[in-house]
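Worksheet for the structure shown next.
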Amino acid sequence: LPLWNHIMMGKYLPSLILFWVFGQLFLVTYIVILAGNLLIIVLTLADPALHTPMYFFLRNLSFLEMCYTSVNVPKMLWNLLSGDKTISFIGCAVQTYFTFFLGGSECFLLASMAYDRYAAICKPLHYPVVMNRKVSTGLAAGSWLSGLLITTITGFFLLCFSDIPITLAGNLLIIVLTLADPALHTPMYFFLRNLSFLEMCYTSVNVPKMLWNLVSGDKTISFIGCAVQTYFTFFLGGSECFLLASMAYDRYAAICKPLHYPVVMNRKVSTGLAAGSWLSGLLMSFGHTSMVFTLPFCRSHEINHFFCDIPPLLKLACGDTSSNEMAVFMAALFFGTFPFMLILMSYVCIISTILRMPSREGRRKFFSTCSSHLMVVTLFYGSTCIMYLKPNSSYTPDTDKFLSLFYTVITPMLNPIIYSLRNKEVKGAFWRMEYD
């Protein structure tokens, strides 16, 4: 957000009469909410028979709802009745903070109320002890404090630690762990190191410039900078397609051909597969970038995207771009569909082999080993295939921008989390390194 006022783009009906009617309706609703909740607070305080934990929580909930409504509704009413739909930067920040603070507190408060009802109905004899004044006060205070802390910590975390440090730190940790622990010097973790390094590079190509555009307001990029960004985006994306296929083949060899695995996936083979993955992306990207940036660009120089990518660039080119569009489609078919089919075939064989295992523990172990890779494959291929394999006639900039954020920002950030949380060997290496 800019430091000056920004326009709140609420879309209301243009008729002044309808504006007035909606404003009055919101005003009446707001008054009813305040009056109803205030009445509950007064009644439960005035009547000694209602001085119980149940009504103590209800008073807290009523007060919270009054605050929650007062954070947003008065400003909405002012927007409707005055026609002034602006809000200051500080005002927007305060409104967001209290919305999340009160919403988070309500979640815990409702859980506390449910626990109170459980204790009253399921443990009636122990209820006076289980839900005494100290416990009920602690639960209510904890609910408010939880909402406050979660909102404050989350806001600070998002402000100070963007996606880049998380992605770089997570993937760098995987590289260090798999290099430091001799037990992880296997083809599986060799490919994982390559993937982590690739994700670090992938994020570093686009996200820093995107953040600079958002923070500085300067959304320009040079012609050379755009070409370099496009080249590395396609180079790393293409390499990842084949690297994920190589990882699937490694899992196939380990599970379906365990006796031949040391020969089938020796150091020479695994190094060759990794090098081939990087080389294939390098060659593909060079060809596509050369084809696109030799086109004449005589239309608007505004790219409707977060970074330089081939589909939005082709929209700015003059002349016939059908050959470029066909080349992009064929590359997506080769780098997307072909590796994906290899992965699919590998996992059909893997699942078939696992299901034939007599030991339930063995089946669980192998499913756990493969599930991390399968999750990463689904995240990456799901977004990229939709992005590059759909017909040009169905090109929608907003959808493409969302998908591009998914495979350039979200997937690289989730990869280390998926592999570390679902992998006992990686977690074990981490604790061993911590202990040492």
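Cβ atoms are placed via backbone N, Cα and C, with glycine included.
Here TrEMBL gives transmembrane segment for one range in the set 60-78, 250-268, 269-287: that range is 269-287. Proximity of the transmembrane segment (401-421) to the transmembrane segment (86-115) is not established, fewer than 3 Cβ-Cβ distances being under 8 Å for residue pairs spaced 6 or more apart.
Just going by CB pairs under 8 A, the stretch in 221-249, 269-287, 329-354 that sits most against the transmembrane segment (172-192) is 269-287. Mean pLDDT for the domain 'G-protein coupled receptors family 1 profile' (36-151) in this predicted model: 87.
Distant neighbours of the transmembrane segment (329-354): 237-238, 241-242, 244-245, 248-249, 251-252, 255-256, 280-281, 284, 288, 363, 366-367, 370, 374, 377, 381, 384-385, 388-389; these residues of the same chain sit at least 6 beyond its ends, with a Cβ under 8 Å from one of its Cβ atoms.
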